[in-house]
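Here is what Swiss-Prot records for this protein:
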SIGNAL    1-18  signal peptide
DISULFID  Cys22-Cys178  disulfide bond
DISULFID  Cys88-Cys192  disulfide bond
BINDING   Gln116  substrate binding site
DISULFID  Cys138-Cys147  disulfide bond
MOD_RES   Arg139  omega-N-methylarginine
Amino acid sequence: MEWVWALVLLAALGSAQAERDCRVSSFRVKENFDKARFSGTWYAMAKKDPEGLFLQDNIVAEFSVDENGHMSATAKGRVRLLNNWDVCADMVGTFTDTEDPAKFKMKYWGVASFLQKGNDDHWIIDTDYDTYAVQYSCRLQNLDGTCADSYSFVFARDPHGFSPEVQKIVRQRQEELCLARQYRIITHNGYCDGKSERNIL
C-alpha cells in the first residue's frame, strides 16, 4: 500500500506545483507579433465579458495597418438595449505600440454614444494568423496583481469555427489566462449583414 500513498503524494505535489499564477504580469503573449499578418477580417467566436455595454453577438472585426505601421480596427455587432430593442452598432479602435509588439494601448469608442469608450490594454495572447487569435485586456487590477475586470475574445478567420486541434490550443490559452469556463459562445446568424438596415446605428 505504500506505493499507493506515494502516488497520492506525488499527485498532490504536482497539483500544488501546477497551481495557476493568475497575476496579469505573468501572462505570456504572442512572440514576435506581426501586425501586418494579423490584419484583415476576424469573427468573434467566444467572449469573456467585462463590465459595461459592449457588442454582444454577430461581432465581426476588421484590423488594418496604415503606411506608418499604425494599427486600427472597426467592429460591428448586435447590442440589446432596454432589454428588448436589438440594434447593430459599430465600434472603432486605434492602437498605440508599446515595447512589446503584442501589447498595445487601445483607445476605443462606439459610433453610438450608448456604447462603452475607454483606453485599455490590448494584448494578443496567441494567434497563428490564419485560423485563430486570443485577445486579452485587463481594465482593473487587484492589489495582488490579479485582474478585477477583464475581457477577452477568441477570434477566427472562419465564422464556422475551429478544428478540434485548434479548440484544444484555445482552451489551453483560456486556462493560462485563468478564465477557463468564463467565456460565452458568440453567435453569427447574419443579423448585422445588411438585412436589418432599419436597426443599424
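In case you wondered, yes, glycine gets a Cβ from its N, Cα and C as well.
Locations of recorded Swiss-Prot features on the structure.
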residue: Cys22; record: disulfide bond; DSSP class: coil
residue: Cys88; record: disulfide bond; DSSP class: strand
residue: Gln116; record: substrate binding site; DSSP class: coil
residue: Cys138; record: disulfide bond; DSSP class: strand
residue: Cys147; record: disulfide bond; DSSP class: strand
residue: Cys178; record: disulfide bond; DSSP class: coil
residue: Cys192; record: disulfide bond; DSSP class: coil
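Proximity of Cys22 (disulfide bond) to non-local residues of its own chain (separation of 6 or more, Cβ distance below 8 Å) is seen for Thr146, Cys147, Cys178, given in sequence order. Spatially, by CA atoms, the recorded positions Cys88, Cys138, Arg139, Cys192 include one closest to Gln116 (substrate binding site), and that is Arg139.
Listed disulfide-bonded residues: Cys88, Cys147, Cys178, Cys192. The one with the lowest count of other Cβ atoms within 10 Å of its Cβ is Cys178. Less than 8 angstroms from the CB of Cys138 (disulfide bond) sit Val24, Asp120, Asp121, Cys147, Asp149, Ser150, each of them six or more residues away in the same chain. Within 10 Å of the Cβ of Arg139 (omega-N-methylarginine) there are 17 other Cβ atoms, across all protein chains.
All protein chains shown were included, and the count of other CB atoms within 10 Å of the CB of Gln116 (substrate binding site) stands at 16. A Cα-Cα distance of 25 Å separates Cys88 (disulfide bond) from Arg139 (omega-N-methylarginine). Cα of Cys192 (disulfide bond) to Cα of the residue listed as 'omega-N-methylarginine': a span of 28 Å.
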